[in-house]
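To start, the structure itself, in structure tokens.
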Amino acid sequence: SDAASVGPDGVTNIRSKVYLSPKLWYVRVNVIEAQDLVPSDKGRFPEVFVKAVLGNQALRTRISPSKTINPMWNEDLMFVVAEPFEEPLFLSVEDRVGSNKDETLGKCVIPLQVVQRRLDHKPVNSRWHNLEKHVIVDGEKKEMKFASRIHLRICLEGGYHVLDESTHCSSDLRPTAKQLWRPNIGILELGILSAHGLMPMKTKDGRGTTDAYCVAKYGQKWIRTRTIVDNFMPRWNEQYTWEVFDPCTVITIGVFDNGHIHGGAGGAKDARIGKVRIRLSTLEADRVYTHSYPLLVLHSSGVKKTGEVQLAVRFTCSTLINMLHMYSHPLLPKMHYIHPLSVIQLDSLRHQAMQIVSVRLSRAEPPLRKEVVEYMLDVDSHMWSMRRSKANFFRIMGVLSGLIAVGKWFDQICNWRNPITTILIHILFIILVLYPELILPTVFLYLFLIGIWNYRWRPLHPPHMDTRLSHADAAHPDELDEEFDTFPTSRPSDIVRMRYDRLRSIGGRVQTVIGDLATQGERLQSLLSWRDPRATTLFVTFCLIAAIVLYVTPFQVVALLIGLYALRHPRFRHKLPSVPLNFFRRLPARSDSML
């Protein structure tokens, strides 16, 4: 019935579809050495590096420290590639002959179909490859007969998981090689029921309209529902299933407005209506969760609620023992820990993997377009955002609030605000000092009782996007405009200057805090460094006396005296700082030597 109002050109764009992400591999190119290079100028020491190109990815080694015709590097270059391997690896050895001029000394092309696949950390065999060099003679391109060589160790890494999502919201943690997969632990069933209260996303015939469809991603399987044309309360009633291999994963469901029903001429895009993430570990096994989730979208003008989507989710666990055993396994495959990749490498490789996935899915019919894939994969999660920085700061403060509350409570105990509680704490402290074997059992029993007590207030529904946690409801318009700015910036110079000055002021505060932390650490180091000879003499003397006293005095007596001193009555306290604190603050730090 929808197809009648769409026309023949848009029918393919409203159908439902199941997609599979391409199988991604890491390619490790270990550039070892080259031999018998022939630079054009034999009177200078060559500054040689290797440039590798795979698809739209280009990397290069450092310039070889051995500036000879037999340079050495022993450097790894990492790429992302998808099956089927359509493009070969291009390698070129180049000589830096000037500030902006490089001369190619030789090239080679390596098809990935012949590259060895590695499943563990055992080294693969290295190979010598001939370098081809073409010279122009009388206007014709001719290949030189003398061939230089390059020594390489190339492999397709099957023991890693190729990250194409944010690590905090990953839906799949399995290694690339299927031989290393563990058996599945259950089934995830998702029912995409309906949406209501959707906002008009575009104008047609002078009135607002929305053509909504849903996309869900879990693991390598993407699904797209059919598009409900011109309806603010669409009903899909479609059900999909996935195999689950790890409970600590996330399924992402996005709702979009189809902008290509009537051909989508020009630069039309599918507008985002909202997104929901559900972490499987927050679901009870074999229970159906039917719930409406708010759809929230952040624009440069602020956060907007664009409607609600109703989902039914059930996680069916095949064996409880296997699922519980998963909590003892590392989150990522073992190669991530045996041969870890740097954070910079992971960010770059993740970006390349996202680009490969979006290009492949955009070729399908109907296509899953680039803007949809990037929104589902959080492609811009690493970009600077003042709003996210504030949100993360308050998240840290929320984590530390428990410790701060304990500190305030202990201060009240020490100041005898409630004498009965302070006396009970004295009694408990004396018991624990006299019977230290009760300390750990008491702590774990206390944690057990807290957990049992909190069971009454356990969450009944999976969490959803929180505007207050994200600081989206209180963000300044300029902060949102900065967050949605392109990279590099496209804003006028006066706005960029204002934002730069604001960032400098924030950076100044961060710099001050980091400097204070460094000062405290350097004061600790100076206790025994003799930078202040009198302070070190006092500390060394104190250590000798303390060692003698603690050697002849039972530890329980010392602990009891320290505890009773800390809990002493306010009548025996004074407001000046303690002697150890005064001594510590007088210690020297290297801030005096800072320019």
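For all residues, glycine too, the Cβ spot is worked out from N, Cα and C.
Here's what TrEMBL has on this protein:
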DOMAIN    8-129  domain 'C2'
DOMAIN    169-293  domain 'C2'
TRANSMEM  393-411  transmembrane segment
TRANSMEM  423-453  transmembrane segment
TRANSMEM  538-567  transmembrane segment
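In the domain 'C2' (169-293), the DSSP tally of helix, strand and coil residues is 7 helix, 62 strand, 56 coil. Under 8 Å from some Cβ of the transmembrane segment (393-411) lie the Cβ atoms of residues 469, 471, all in the same chain and six or more residues away from its ends.
Per-residue pLDDT, averaged over the domain 'C2' (169-293), rounds to 90. Under DSSP, the residues of the domain 'C2' (8-129) split into helix, strand and coil as follows: 7 helix, 64 strand, 51 coil.
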